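Here you go, one structure.
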Amino acid sequence: MAISKKSSLFLPIFTFITMFLMVVNKVSSSTHETNALHFMFNQFSKDQKDLILQGDATTGTDGNLELTRVSSNGSPQGSSVGRALFYAPVHIWESSAVVASFDATFTFLIKSPDSHPADGIAFFISNIDSSIPSGSTGRLLGLFPDANVIRNSTTIDFNAAYNADTIVAVELDTYPNTDIGDPNYPHIGIDIKSVRSKKTAKWNMQNGKVGTAHIIYNSVGKRLSAVVSYPNGDSATVSYDVDLDNVLPEWVRVGLSASTGLYKETNTILSWSFTSKLKSNEIPDIATVV
């Protein structure tokens with residue numbers, strides 16, 4: 001069937017208008033295949049059906065995701081924990097020993113009236129039925145159980161304390177808890193099955209400023225890398241080599257988590273995107289994107 005000249009002009013114009021409206025209205029999108037997953041949230045609606053919200057996490061306030069509790073006037077509250085997980089599982093490895101590469105980015109706003117903001121935000125990967133551990137407010141970032149609730153009979157099992165069998169995380173830690181191995185300054189860190197980070201880097205957290213976290217796993221080099229940056233050029237970078245198939249189950253979920261304790265801060269997520277693919281070496285190492 002022939003297409004008129006008027007119709008041929010209309011199609012590209014219509015396509016442009018549609019794409020423009022998607023950008024203006026910040027429409028989220030996702031694609032899901034057996035061995036690949038992509039999603040992008042440019043804003044969060046009040047009824048965000050493709051997220052699993054846990055604890056104090058809420059969506060819809062100014063189009064943002066609030067991971068921890070805030071008052072009606074937006075003030076942060078203490079002793080809060082919340083998480084958001086994408087609903088679809090991720091195929092992170094398969095029996096042929098092929099492991100997925102992935103790329104995650106989120107923008108965030110941490111704001112605190114306290115002289116010591118606490119406690120931070122983490123991007124994490126865990127088993128598909130993951131839930132918030134008991135006692136994981138404050139320094140444990142909603143990811144790891146507290147020593148006081150891990151007990152063997154009446155004795156605390158310190159080997160199990162602060163550990164989780166199926167957690168890989170990149171933490172943006174705003175408050176140094178040196179008693180659990182933190183360096184004595186705000187930092188970013190890579191956590192493998194424990195809140196005691198395998199690798200850390202000093203982070204100049206900017207109170208009330210929007211920052212960006214970019215996380216990459218290159219399955220060819222088995223390197224997990226992260227960069228946290230601000231518009232003024234300040235950044236922190238950390239990397240650690242890990243075989244994800246030795247740490248995580250074959251199918252996982254990805255999420256964002258945050259907590260407050262005695263000190264407090266808002267833990268606001270403005271956008272979040274994620275892409276993973278098995279048998280892919282197309283996702284670059286962090287050094288090529290910074």
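From the backbone N, Cα and C atoms, a Cβ is placed for every residue, glycine too.
Sharing the feature lines straight out of Swiss-Prot:
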BINDING   Asp119, Arg139, Leu262, Tyr263  carbohydrate binding site
BINDING   Asp119, Asp173, Tyr175, Asn177, Asp182  Ca(2+) binding site
BINDING   Glu171, Asp173, Asp182, His187  Mn(2+) binding site
CARBOHYD  Asn152  N-linked glycosylation site
SIGNAL    1-29  signal peptide
Are there any residues in the same chain, six or more apart in sequence, whose C-beta is under 8 angstroms from the C-beta of Asp182 (Ca(2+) binding site), and if so which?
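The answer is Arg139, Asp173, Pro176, Ser197, Thr200.
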Helix, strand or coil for His187 (Mn(2+) binding site)? Use DSSP.
strand
Nearest to Tyr263 (carbohydrate binding site) by Cα distance: which of the binding-site residues Glu171, Asn177, His187 is it?
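Checked the binding-site residues Glu171, Asn177, His187; minimum Cα distance to Tyr263 (carbohydrate binding site) goes to Asn177.
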Which one of these binding-site residues has the most other Cβ atoms within 10 Å of its own Cβ: Tyr175, Tyr263?
Tyr175
Fill in the CA-CA distance, Asp119 (carbohydrate binding site) to Tyr175 (Ca(2+) binding site), as an integer in Å.
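One finds 5 Å between the Cα atoms of these residues.
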Among Asp119, Arg139, Leu262, Tyr263, listed as contacts of carbohydrate, what is the widest Cα spread in Å, to the nearest whole number?
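Output for carbohydrate binders Asp119, Arg139, Leu262, Tyr263: max Cα distance 10 Å.
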